[in-house]
Amino acid sequence: MQSYQQPLRVGVGGPVGSGKTALLEALCKAMRDHYQIAVVTNDIYTKEDQRILTEAGALEPERIVGVETGGCPHTAIREDASMNLAAVEALARKFGNLEVIFVESGGDNLSATFSPELADLTIYVIDVAEGEKIPRKGGPGITKSDFLVINKTDLAPYVGASLEVMERDTQRMRPQRPWTFSNLKKGEGLQAVIDFIVERGMLGVRG
């Protein structure tokens, strides 16, 4: 039987449209020359996020697997993660030397969490366009994720959101837990996410 190493599994969750797929694309492009990476995406009825990442050239197509969850996307990453676990294992066996597998959840709500059997680290993405109140609404995505990304800071003036208020509320809701503002269109905040993954995932700095 061919042996393979167990990769670091990083769960990426967040509401629809918050920027999960954009974050994954940016992470893959920034890290692929230094680490062996693969991705599992989740969509309810399609494999749209897999297609987006493939067409963007985030990774080689065979390193990106789409899972059609059906029903509630929360269930597929928490209560019954069997489809995702199977996809992760299949990728790990196929490549043998994978160091990181990103698992992107389908669009979900603030209560969504990853099963510890599926994700070693969790990143949760929200966006400023949802309003400055989002951090203080709490929920496990806000309070319990290992790293929080508040994306689309460039939209703050257009939606009447105060980044100062969001910063204050975030620090109050998740004291001692890391987070960052980001504008992924310009790459802002990306390095903070990479540094977190490398440090907490004990990957070793390369490049």
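Quick reminder: no glycine exception, Cβ is built from N, Cα and C everywhere.
Features as listed in Swiss-Prot:
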BINDING   GLY14, PRO15, VAL16, GLY17, SER18, GLY19, LYS20, THR21  GTP binding site
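Feature map: Swiss-Prot annotations on the structure.
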{"residue": "GLY14", "record": "GTP binding site", "CB count, 10 Å": "28"}
{"residue": "PRO15", "record": "GTP binding site", "CB count, 10 Å": "19"}
{"residue": "VAL16", "record": "GTP binding site", "CB count, 10 Å": "10"}
{"residue": "GLY17", "record": "GTP binding site", "CB count, 10 Å": "15"}
{"residue": "SER18", "record": "GTP binding site", "CB count, 10 Å": "25"}
{"residue": "GLY19", "record": "GTP binding site", "CB count, 10 Å": "24"}
{"residue": "LYS20", "record": "GTP binding site", "CB count, 10 Å": "28"}
{"residue": "THR21", "record": "GTP binding site", "CB count, 10 Å": "23"}
Taking 8 Å from the centroid of the Cβ atoms of GLY14, PRO15, VAL16, GLY17, SER18, GLY19, LYS20, THR21 as the cut-off, which other residues in that chain fall inside it around the GTP site? GLY107, VAL125, ASP127, ASN151
For LYS20 (GTP binding site), the three-state class that DSSP assigns: helix
Should GLY14 (GTP binding site) be counted as helix, strand, or coil on the basis of DSSP? coil
